[in-house]
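The active site annotation in TrEMBL covers His452. Sequence annotations record features per position, and here TrEMBL assigns compositional bias 'Basic and acidic residues' to 62-95. Residues annotated as region 'Disordered' in TrEMBL: 1-34, 49-95. Residues or ranges marked as transmembrane segment in TrEMBL: 130-150, 174-193, 205-227, 233-251, 320-338, 368-390, 439-459, 465-484, 496-516.
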Amino acid sequence: MAISDVHETSVAGDGANHSSLRRRHSRVASSGGNMFDEAAASAEAVMIDSSGSDDSLNERIGAAREEKVKEKQKQKEEDRKPPDHASRNEVQDGERAAAGDNFTYRASVPVHRRIKDSPLSSRNIFKQSYAGLFNLCVVVLIAVNSRLIIENIMKYGWLINSGFWFSSKSLRDWPLLMCCISLNLFPLAAFMVEKLAQKKRISEPVIFLLHTIIMTGEISFPVLVILSCDSTFLSGLTLMMVACIIWLKLVSYAHASHDLRSLSLSIEKGETLPNNLNMEHPYRVSFRSMAYFMVAPTLCYQPSYPRTPSVRKGWVFRQLIKLVIFTGLMGFIIEQYMHPIVQNSQHPFKGNLLYGFERTLKLSVPNVYVWLCMFYCFFHLWLNILAELVQFGDREFYKDWWNAKTVDEYWRNWNMPVHKWMVRHIYFPCIRHGMSKNAAVLIAFLISAVFHELCIAVPCHKFKLWAFIGIMFQVPLSIVTNFLQKKCKSSMVGNMVFWFTFCILGQPMCVLLYYHDWMNRHREHN
C-alpha cells in the first residue's frame, strides 16, 4: 500500500510539470529539428529524475517516447509514399532512399544480374520500338529530297507543263463526260431486271442473259467512245476506271441477288440450309440499297452494311486538304522528274540495252514516290472520305501490303475491295464448280490482267498487252517468292524480291513502254 501511495503521489505531484514538458516537447517535435527533439527529451528526463520519480515512471515515459518516435517515422513514411501508379520496385527504392538506408547503389552491389541481348540483335530487333529512327528517316528523307528539288529547279528550271494531262483538246472531251454520266443507266437496268425476277415474271436463263447484255454494254460503250475520240490520257483513264468499277459492282449485284434468290426459294420449299449458311439479309429488291451500293466504297453487294452514326465534317475537310496536297505533289514529281527522263529515253527493247537499263533505274525512284502518293491518295484518303460521307463502316481498304513476303500476300493485302470481290465472285465459285485452287487463282489473275490492260491501253489508243503481260508475270513470280519463303523461313528475302520487281524493274519498264507507244502514235497522226 505504501509503495502504491508513493507512486500515485509522485505522478500526481509532477502531473503539471510533466504535461507542460509534454506540450513543449510536442511543439519542438513539430518544428522538425532532430537536435531539438533530443535536447527536449534529455531535459524532460532530467526534470523527471530530479522530481524523485521511480523506475515505473521512467518506463512509462520511455514507452511514450518510443510511441512518439514510431509516429514520427510513420509520418515520414507517408510523406515519402509515391503515387499509386508507381511500381513496387520504385516504392521500395524511394522508401530506402528517403530513410537513408539505400543499399541498392552501394559500390559492392552487382549491376549485371541476368543475360541480356542488344536492342538491334537478331533476337530483339522485332521487339523494339523504332519510332525515333522512323522520325529520323522522315527528317533525312525530307532534307535530301528538298535539296534535290531545289537543285533540279536551279539546273533545269520549272518544267511543269499541263499539256500532257490537260490541253485545248480537253474541252473537246465532252463525249467522255456524257458517257460517264450515262453509265448510271446500266445499274438502273440491272435493278429493273431484279425487280422483274422478284415478281417472278422472267425465268433464271432470261435473267442471266439480260444481266450479261447489260454488263457487256456497260464495259463496251466507254471503250468505243474513247477510241472514237482523240481525248487526253487522263480523261480516258478516268472514264475507264469508272467503267470498270461499275462493271465489277454489276457482277456482284447480279451474283449476290441470284444467290439470295436461290436461298429464299430453298426456304420456301422447306429445305434445311447448311449450318454455315444463314439468311442474314432476306431477298428483297430495294432501289435504296442498290443506289447506296453504287456510291459506297465497296465492290461486293449486300442489302445492308455496317454504318457509322454521323459524318465528321471537320475530319472530312482535313482529309480533303491532304488529298489536294498529295495530288499536287504527285503531279509535280511526274512533270518535273519522270516526264524529262522518259523524254530523253529510248524504247527499252530497242537500241542500247545498257542505256535502257540505266533509264529504268533512274526512273525507278520518282516512280516509287508517285506510286506511294497514288496509294495514299486513293486507297487511304479518297476511299475514307467517301466512306465518311456515306457513313460506310467497314473501312479496311488495304492491309500491311508493304510487309508482304510473297507476291500472293501482296495481292491479298494491296487492294482489299478487289481482293474481296475476287474471292467472293471468282475464286470460290470456281472451287465449287470442281476447279483446283491453282486454276482458280490463274483465272483471277487473268481477269485482273484484262482489266489492267483496258484501263491503260484504251486511253493510250494502243493495245500492246504490256500491262496484261506484267500482271500474268505475277503467276511465276508468285511461285518463286513462295519457294523462297519456304526455303528462308522468318526472313524478308521474299519482301526484297517483291520490292525490286515491282518498283525497280516492273513499273518503270511499263511506264517507258507505254510512253513510247503513246509518242509513236502521236508521230503517226502528225
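Quick reminder: no glycine exception, Cβ is built from N, Cα and C everywhere.
Unlike curated entries, TrEMBL annotations are predicted automatically.
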Chain residues outside the transmembrane segment (130-150) and at least six past its termini with a C-beta under 8 angstroms from it:
336
Under a Cβ pair cut-off of under 8 Å, which of the recorded stretches 174-193, 233-251, 320-338, 368-390 contacts the transmembrane segment (439-459) most often?
233-251
Restricting to the same chain and to residues at least six past its boundaries, which positions have a Cβ under 8 Å from a Cβ of the transmembrane segment (496-516)?
338, 342, 345-349, 356, 359-361, 363-364, 367-368, 371, 404-407, 410, 456, 460, 462, 464, 466-467, 470, 473, 477, 480-481, 484
Positions on the same chain near the transmembrane segment (205-227), where near means CB under 8 A and six or more residues out:
175-176, 179-180, 182-183, 186, 189-190, 193-194, 196-197, 236, 239-240, 242-244, 246-247, 250-251, 254, 258, 454, 458-459, 461
Ten-angstrom check, please: count other Cβ atoms within 10 Å of the Cβ of His452 (active site), all chains counted.
18
